[in-house]
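Pulled from TrEMBL:
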type    : residues                                   : note
BINDING : Asn36, Leu38, Gly63, Glu85, Asp111, Asn141 : S-adenosyl-L-methionine binding site
DOMAIN  : 43-234                                     : domain 'Ribosomal RNA adenine methylase transferase N-terminal'
Amino acid sequence: MAASRTLGTFRLPPLPTIREIIKLFRLRAVKQLSQNFLLDLRLTDKIVRKAGNLTNAYVYEVGPGPGGITRSILNAGVAELLVVEKDSRFIPGLQMLSDAAPGKLRIVHGDVLTFKIERAFPESLKRQWEDDPPNVHIIGNLPFSVSTPLIIKWLENVSHRNGPFAYGRTQMTLTFQKEVAERLTASTGSKQRSRLSIMAQYLCDVQHIFTIPGQAFIPKPEVDSGVVHFTPLTRPRIEQPFRLVEKVAQNAFQFRRKYCHRGLGMLFPEAWRLESTGKLLELADVDPTLRPTQLSVSHFKSLCDVYRKMCDEDPHLFAYNFREELKQKSEKRG
């Protein structure tokens, strides 16, 4: 048996189905945590195939739940799979998988938002940023409630080349609510174009791989899900600090139905808003009557570069928050 295992690819032994695991451990999806279980192993296998060749790879799975995608990853011949699960109810079922795959599955009972992945895998896996991506992958069926804060956190990690990207240009294959998947991958001019589109696309090559119908999940969510694949770019399309790009994008989409000058104006204090907005758009060579959804990543590059110069000239500008100014005004009136 040992000899055949070294020659052939690893396969899990026969195990209870995910549905049986759910019954066995009396698992129930918690609505407040936006949990939905993916039971169809053909779909979990497809997600894992779309992640690329995982032979001898080191994989970090977030939110494994009852372990559907976990099984598919283990069957893909990985060197090691690390799962981080916050909900202690899922640990016994995952432990059963760990026992069935000795030395392959490491379980951490913890929160993916605070877990330090950069210390989890061998140093030898690290690659130069300009090299091909390392043999490290992130895969996960993300609970809808954490998917947006988590991808923003990871995109910030990409920009700093830390966290999961301390190993190099680690690839991610993740499921999101379909609308979020569409925002992440929306092209210029699309109705779904948003802050998320800019933040993802200036740092990564982002592809909406396929859609999973809601009925594939238990309990069935009201919306479908989208599987999105991210590969960090060797050079970001905007070479400015993450927080600056985020602030410009956030303000631009503040009033998505209005002309872009309206939202971008909110980057500046009211006293010189008109003059500063005009200067920003003129120097960036951006038409003030474009809608936010019509702004390309290269438009944002110009806007961020000019805004950075304006912040360098006025050290207080970056800290300015128009909501704070509105709040102070209303307090004075009150």
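Residue numbers in this text run from 1 along the chain shown.
A Cβ is built for glycine as well, from the same backbone N, Cα and C atoms used for every other residue.
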Neighbour count (Cβ, 10 Å) for Glu85 (S-adenosyl-L-methionine binding site): 24
Listed binding-site residues (Asn36, Leu38, Gly63, Asp111, Asn141), ranked by Cβ neighbours within 10 Å, top entry: Asn141
When pLDDT is averaged across the domain 'Ribosomal RNA adenine methylase transferase N-terminal' (43-234), the result is 95
